Amino acid sequence: MPASPRLAGAAAAMLLLARQAVAQQAEQAAGTSTATVVSSLILNSAIFGVQMAAFFLIRPRFARIYQPKTMLGPRDERMAPLPRSLFGWLPAFIKTPTIEIMHKQGIDAFQFVDYLEMMIWIFVPIWAFTWILLMPLYSVGTTGEGRAGFNLFNFGAVGPPRSEQLRYIGVLFAQWIVTFWILYNIKARMGAFVTRRQQWLLSPEYASTAQAKTVLITGVPNEYLSERKLEEMYGVLPGGVHKIWLNRNLKELPDLHDERLAACNKLEKAEAKMVKLAAKKVRKGKVEAGSADPEMSLSVADRYVTQKERPSHKLGALGCFGEKVDSVQWARDEIARLNTEIDAQRQNLSDFERYPPQNSAFILFNRQIAAAMAVKVHAHHQPYRMAQHYGSAHPLDIVWPNLNMNPYEQKLRTAIFWGATLGLIIFWIIPVGFVGIVSNIEGLCTQVGFLAWICQIPTEVRGIIQGILPTVLLAVLNLLLPIILRLFARLSGVPTRTGIELSLMDRFFLFQLINNFLFITIISGASSGIDQIVDVLSNPQGLPSLLAQYIPKASIFFLSYIALQGLTGAASGFLQIVGLAIYYVKNFLLNSTPRSVWHIQHDMNAPNFGTLFPTTSLLSVIAIGYMVIAPITAGFASVSFILFFFLYKYLYLYVYDVKPWNETGGLFFPKACWQLFYALYLEMVILTVLFFVAQDSNGNLSSIPQGAFMIILIVIVAGVHYTLANSYTDLFTAYPLSIAPSGAQEAAMLEEHGSSPDEKKQSLQQQQQQQPPYGNGQHGRNDQSMEMHESRTALVREGNQEEDPALAFQHPATKEPQRTLWFPNDTLGLGNAAVAGAQKQGLEATNRDTSVSEKGRIDTDAHVPPGEVLL
């Protein structure tokens, strides 16, 4: 492959440069390492203090940023506002139980905060225990190399005299104690999670939803791709089948649907641009304001905007090539054309030969127990046929293009993109290796001529370069990688967005484990022997001794990393300075259309768990990896987890909004627990190697018994891991009959909550029929819409009629009408003219609930944008 020689050359160049990076004497290196961590700690503490002070001061002034959950979203999911005083909000926040997160945000959000709480319960006792036992064991009366600074408190501080080597017995004892403490906490939290998830699955609030009773089945063979055949197959389950949707090969219809939506966005932006330009010219006296009579000519815009000033664009690639057209007229014509073409194709949707069923189906059951049984049952006698069942299906969670893959294509894609994932992880070693080398810049400046000037920099500044710059570079690299890995998961054929996030979690954690821990450990630890890494590539037998020599020293880099994440990261999360800036930049500079203004003012964000969990798990891996080898790490990690616990408790209570269609019922949590086992295995293997290669003053292996006991411990941990996985894995998706409601109880529950599909449809129709139709209505609030907004979540979709549950799992291209165009309602009449011009060509359009200030600023007081339905 052409790229291989270049990659090999880049790797060779980096290793040659690294070979020259022979560090200074051990004592000086140890002192420099201490200065590095201290500099990092001081700087990050200062940043933490400044950011937290700023947060305390500005929090009451920007409620939209720092507590939007008190004013936005469904009323029953809102939090009570916090006191506005500088410190008065703290008691109210601290006293709020974390279980409130599950009630307001769902079980995924709660389990993430519970994971942080579990880390606190694990590491705070380990912090106290290892500091009391291991730090004196490593530091008092030892003669190991590099006994200075923080290196005084790690495994390498123990010298070769036999009396010192016996101290490894205490290290072994500490390892067994902390290992069993970790296992106990994982088991206890896993049991609590299973109970909590089962209670959530069977709760009336969830069990009564259509999502709880809907199953996606992929790999359906052609002979079963009919509603009658599937109903015959699954109708034997309790309660029977309520509705079946077959996935169809819609050919070009989805592309037409996307093109129409793009044209709608183009038209809304173009009309809003002319409105703002006209207001600006009137304000500056370049033109005189005229009448805003809605009956005036459609060409009213010509009075204020010249032909040259009208919005235009090119039709070619990237908007830079092709014919230049007037954006307004082109978009009107394009929407009208697409409306006609889409409607014509929809007339033929009943033709199953033209639009044949393909590979998958959604089945809505009348009872939740039937959906649970359908997920577990083997429906077909042939391999891969109808083998994949996805419970709790939600229309907005579906990746529609992936539904058309046959099971063999999906298996092949999965293998290909897992291979690509592993290849990317290996390739990423190059930039991550560079980060590791920068973390030991002290050695480079003495050996590489053009870097000699670094040695002249004051020690404190060099400490910042070594302690801060590498961790920042590592954070930037970690931001880029998930984008690629998420694409790999999507291209693998995963049919749900939540499934993609779960797959991303596995891929990203593997990267964190290999690159950001193991590889950084070797590169960063070899401050005085990077040249040996090159040698060990040709002589792998030398790897154990290399690990024994340099792994303990690598803790210095990770102490800086934990300080950055725990102090600066937590404070940045509270302050949200980037979010604050982006909000006001968007609100004041990028408020291009009423629709964009509405979403800027009303949308709340939440992080993706597919990246949030692995990023947090990296701290767990580091803490576990060094809890015995370098126990000072446990203290740093404990403080970081405490800060992160309060940070995410605050964010999930008052800032974030996790959508119900992104809910997995906490399935990220058990993955995170299994990942703790992988970190524990790696830590135990490293410590086992260190024991086996430890030598006394005579060059004899001195800790073989300790290494043997470590192997026994690894076997015990593997046994516990297997037992927990065997005990709990099936329960993650189980519907236990022992606690399930009976048929009569389930019927009573449905009657109480009034949430059968037909009842939902009738209720929604009745509410929306009371809404006045969109048109050139007067500017004002709609109280009925407000009540709907307070009781349900605003769901962004491209339709402007009620959502019929019978159409829920049809592809949007088959059912969505043209989204109502929404223009500004200005005093000059351009908005009225825009509505009239669009309606003249048969397009749905309105300018209600909007306004334009004299300065051309667009605003809206709508409770839901036209064309977006409340569900």
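Glycine is treated like the rest: Cβ placed from N, Cα and C.
Automatic prediction, not curation, is the source of TrEMBL annotations.
Taken from TrEMBL, the feature compositional bias 'Basic and acidic residues' covers 750-762 (among others).
Among the features that TrEMBL reports, compositional bias 'Basic and acidic residues' is placed at 780-792 (among others).
For 851-862 (among others), the entry in TrEMBL reads compositional bias 'Basic and acidic residues'.
Residues or ranges marked as domain 'CSC1/OSCA1-like N-terminal transmembrane' in TrEMBL: 37-186.
Summarising the annotation, TrEMBL assigns domain 'CSC1/OSCA1-like 7TM region' to 414-691.
What TrEMBL lists as region 'Disordered' is 746-801 (among others).
Positions annotated as region 'Disordered' by TrEMBL: 839-871 (among others).
As annotated by TrEMBL, signal peptide applies to 1-23.
Long-range neighbours of the transmembrane segment (33-58) within the same chain, counting only residues 6 or more positions beyond its ends whose Cβ lies under 8 Å from a Cβ of the stretch, are 66, 86-87, 148-151, 459-460, 462-464, 466-468, 471, 527, 553, 556, 559-560, 563-564, 566-568, 570-572, 574-575, 577. Look at TrEMBL and you will find 33-58 (among others) tagged as transmembrane segment.
What TrEMBL records for 112-134 (among others) is transmembrane segment.
Taken from TrEMBL, the feature transmembrane segment applies to 168-186 (among others).
For 415-438 (among others), the entry in TrEMBL reads transmembrane segment.
The transmembrane segment annotation in TrEMBL covers 468-488 (among others). Non-local neighbours of the transmembrane segment (468-488) in the same chain are 39-40, 43-44, 417-418, 420-421, 424, 428, 431-432, 434-436, 438-439, 500-501, 504, 507-508, 511, 516, 520, 557, 560-561, 564-565, 608, 610-611, 615; each lies 6+ residues outside the stretch with a CB under 8 Å from one of its CB atoms.
Residues or ranges marked as transmembrane segment in TrEMBL: 508-530 (among others).
According to TrEMBL, the transmembrane segment annotation covers 556-585 (among others). With a threshold of 8 Å between CB atoms, the same-chain residues lying at least 6 positions outside the transmembrane segment (556-585) that come near it are 33, 36-37, 40-41, 44-45, 47-48, 51-52, 54-55, 62, 64-66, 150-151, 436, 439, 466-468, 470-472, 474-475, 520-521, 524-525, 600, 605, 619, 622-623, 626, 632-633, 636-637, 639-641, 643-644, 646-648, 650-651, 655.
Sequence annotations record features per position, and here TrEMBL assigns transmembrane segment to 606-629 (among others).
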Does the transmembrane segment (676-694) come near the transmembrane segment (706-725), with 3+ Cβ pairs under 8 Å (pairs 6 or more apart)? yes
In this predicted model, the domain 'CSC1/OSCA1-like 7TM region' (414-691) has a mean pLDDT of 84
If we call contact 3 or more Cβ pairs under 8 Å (sequence gap 6 or more), are the transmembrane segment (112-134) and the transmembrane segment (415-438) touching? no
Residues of the parent chain within Cβ reach of the transmembrane segment (606-629), under 8 Å, 6 or more residues beyond its termini: 108-109, 112, 115-116, 119, 123, 126, 130, 134, 154-155, 171, 174-175, 178, 182, 478, 482, 486, 500-505, 508-509, 511-513, 516-517, 521, 551-552, 555, 558, 561-562, 565-566, 637, 640-641, 644, 656-659, 662, 664, 668, 671-672, 675-676, 679-680, 682-683, 686-687, 690
For the domain 'CSC1/OSCA1-like N-terminal transmembrane' (37-186), jot down how many residues DSSP puts in helix, in strand and in coil. 113 helix, 0 strand, 37 coil
